[in-house]
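Only one structure is covered here, and it is reproduced in the block below.
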Amino acid sequence: MTMTSTSSQVELQEQYLHPLPTIEPTVESATERLTIDDMLGKYCGEFGAWQWKNFVLANLGWTLEALHTMIVIFADHQPRWRCINPTDCNVAATSVCGMKPGSWEWVEGRRSSTVAEWSLICGDKYKVGLAQSMFFLGCMMGSALFGYLSNSTLGRKRSLALVSSLNSIFGLLTAASPYYWTYVLLRSLTGISTGGNAVCAFVLATEPIGPTKRGAAGMSSFYFFAGGIVILSGMAYTIHPWRELYIASSIPSLVFLLAVLPFISESPRWYLVQGKIDEAMKVMKSIAKCNGKHLPEGVILLLDREAFNKDDQRSELKHVEKGNLATLLRSPLARIRLLVAIAISFLGAVIYYGLSLNVVNLETNLYLSVLLNAVAETPAFAITAVLLSRVGRKGIGIGTFWFSGGFSFIGSLMKSHGKWKVARMVCGIMGVFGMAGNYNLLFLYLEELFPTVVRNVAMGAATSAIQTGAALAPFVVVLGGGSAFGVFAVCGILGGILVFFLPETHNKSLYDTMAGLEYGERSCISG
């Protein structure tokens, strides 16, 4: 590998490094210094028993996110109605708008959904989409907030503990909402806490995994989200009152906080970039011991910028980069990656959440449609995981966007009645299939595009874009029919084009610092 020039190294150091307390007190006694990926591969094991346990437990956070996010499909659905006074009620009507009050009733009663309880119909129908959008706007703020907190002094694990406790509290309070606007407020607060869940859970699960195993493992994370949707469908099928459903979906977050989180380890990468080398080494030794490996004494961790810049290893003054948005935007390379990541995250969210929420317009069995959508995601995860090593991250990203966009386009040409509504449902399911594969890739791709010091900040920004797209999705769904499918088709085509501007990251080690990213990418170009 060709090293960058000394002048380039100095420029990068001046640009990214800020003097902070020393992080390597045992350098003099070290016999071998390795990056985390090298240490995992040489001594600790890339994906052994320790990583299996940590991976499964941390990813349960995705299951919880599915419960809190997708519950609106059932809690806010419009239930069936029937006439009780044929004189003033038109049995053949498709809507109760214009009918005399008292001439009709909800089949399952007013407690079956928020729509029935607060009469969110006719002129107030927009309030259904408003409540859902406010949740996703809350997610947008939460993604940015917890992306920063989990990258700074709070860390990944404590951030996940905080969002889990808040999800449980806000979910239970939502069940007790006395008025519609109280409900909207509490859903917004739930969105803020839910927004930080995905970033923290995914990074905690995958950062301790070696580079050759990380792709397949990361692509398996979203089985947990699909599993959460399946669980939610079962809950909603047996628990019809919307308030009770919110209670049932909030309790698992409390169980996760008390019974699961204590067995999850903080990321050794976060410890390292925070200057806590002793804590990072304790985690690495724990990984080696649990995996039946031996980590020799005298072997210590090395930041990637030091691996590329030998002068930095010998420097008496060690530095810790500040993991914030300003540091990220200061790099032209990282800045371009961030802008493209935000754009594809937004477009993907409009398609995924739009198609998921659009089941209410398909006039088919709600519980079955949601279940089929979730089941459709499962083979997508397996197929994309198999293709990952063959076509790479870019190939899957482009292909899944265009796959969903293509089926959405076909769906936009179909009618919404008779035999066509089943065909349109199939197009929706195939669209979800494609975007499930895309989301399965997205978080892995984002993790590999950005170094540890700003990884959660970047992923938080991209997740905020996801939540912005998700917030707009309910309003696209309100369009109904072919118009909604047409929007999803355009988003799919644009998303695929944008992925062309991102680099391939297959089998590349994770960078830890911004300087390491610059050194590494320049070395790849010059080498």
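From the backbone N, Cα and C atoms, a Cβ is placed for every residue, glycine too.
All annotation found in TrEMBL is predicted automatically rather than curated by experts.
Some features that TrEMBL has for this protein:
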type: DOMAIN; residues: 54-507; note: domain 'Major facilitator superfamily (MFS) profile'
type: TRANSMEM; residues: 129-148; note: transmembrane segment
type: TRANSMEM; residues: 186-205; note: transmembrane segment
type: TRANSMEM; residues: 217-239; note: transmembrane segment
type: TRANSMEM; residues: 245-264; note: transmembrane segment
type: TRANSMEM; residues: 336-355; note: transmembrane segment
type: TRANSMEM; residues: 367-388; note: transmembrane segment
type: TRANSMEM; residues: 395-416; note: transmembrane segment
type: TRANSMEM; residues: 422-445; note: transmembrane segment
type: TRANSMEM; residues: 457-477; note: transmembrane segment
type: TRANSMEM; residues: 483-502; note: transmembrane segment
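With pairs at least 6 apart in sequence, the transmembrane segment (129-148) and the transmembrane segment (217-239) have fewer than 3 Cβ pairs within the 8 Å limit; the two do not touch. Two recorded stretches are said to be in contact when at least 3 C-beta pairs lie under 8 angstroms, sequence spacing 6 or more; the transmembrane segment (457-477) and the transmembrane segment (395-416) fall short of this definition. Sequence-remote contacts of a segment are chain residues at least 6 beyond its ends whose Cβ falls under 8 Å from one of its Cβ atoms, and for the transmembrane segment (483-502) they are 336-337, 340-341, 343-344, 347-348, 350-351, 354-355, 358, 361, 393-394, 397-399, 401-406, 408-409, 411-412, 424, 427-428, 431, 434, 438, 445, 449, 476-477. Residues 69, 72, 76, 114, 159, 162-163, 180, 183-184, 187-200, 324-325, 353, 357, 456-461, 463-468, 470-475, 477-478 of the same chain lie 6 or more positions beyond the ends of the transmembrane segment (129-148) yet place their CB under 8 Å from a CB of it.
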